[in-house]
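For reference, the structure discussed in these notes is given below.
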Amino acid sequence: MSEVITITKRNGAFQNSSNLSYNNTGISDDENDEEDIYMHDVNSASKSESDSQIVTPGELVTDDPIWMRGHGTYFLDNMTYSSVAGTVSRVNRLLSVIPLKGRYAPETGDHVVGRIAEVGNKRWKVDIGGKQHAVLMLGSVNLPGGILRRKSESDELQMRSFLKEGDLLNAEVQSLFQDGSASLHTRSLKYGKLRNGMFCQVPSSLIVRAKNHTHNLPGNITVVLGVNGYIWLRKTSQMDLARDTPSANNSSSIKSTGPTGAVSLNPSITRLEEESSWQIYSDENDPSISNNIRQAICRYANVIKALAFCEIGITQQRIVSAYEASMVYSNVGELIEKNVMESIGSDILTAEKMRGNGN
């Protein structure tokens, strides 16, 4: 004989009216069913409001008071409205609206490019395109020569000789403060002051996050793709080449046999860091940069602008593909014309669809 189990709803939660339970693990099936049905009720209540829903400022998001208000929302007359144009995001019971376009929101571990905005007491304020300036502490930078020691008062007096207002640098987001501003560091030699190149800017939403944001490109050019949408194009240096070689992964130098049979030692990455660290704060650009390098930098900058114009996510592969597609135009200035940018963007998307990895 089977027993009929009925479900009744009381005070917003479901309860089992039967006393029948199977206590195999110390928790009754009735309690599990009650929790499952309750969660289903919460999910179905917001079924009409999809997580991918796009809302506009002033639009009603939900009238259910169960949700906690997050960024991009405001509360009025027991109802939650959107304060920005964006997509609705729900994490547990936190309801927020992510803007379609807006300022960069830093996250720990982000590789960013910034500009020194102010020199203060043992710190620099850096513009990274966010709602607030980031902070770079004096203790978070490498000193010239690569010497690891405590920062002294003399170092504080020489802060402007290291980095001054207007200088560009790439850094990593070390942590976030309570107000959402970022704390940066440049303790690695892959970070620091930027020289011998050109700056360009795209919306931060177009930068595809990856493990590495510094890439060596054809034409002896290196690109630094800041997650914040700030991009730096420069002539490839010895340090950039060393990171792409097997010796960059070993602290000791690697022996190799030359064509004459003699054994030679390739310089290790550590030695290159020591030599380059004396010039990391120099204001002088390399005078030997040729016109071909300058033209290649401008071509890369224009194809990046073309990708941004077509709202295509920017990656190393797409930059190289766009660069190759742009070679049919001998005049670099033509690349920023509307029809040319649309043509390059169309070629990139078509090539990716042909390869079967179009997004």
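Placed from the backbone N, Cα and C atoms, the Cβ positions cover glycine too.
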Original post:
For which of the residue intervals 242-266, 267-291 does Swiss-Prot record region 'Disordered'?
Top reply: 242-266
**OP:** Report the DSSP secondary-structure composition of the domain 'S1 motif' (107-187) as helix, strand and coil residue counts.
**Re:** 9 helix, 37 strand, 35 coil
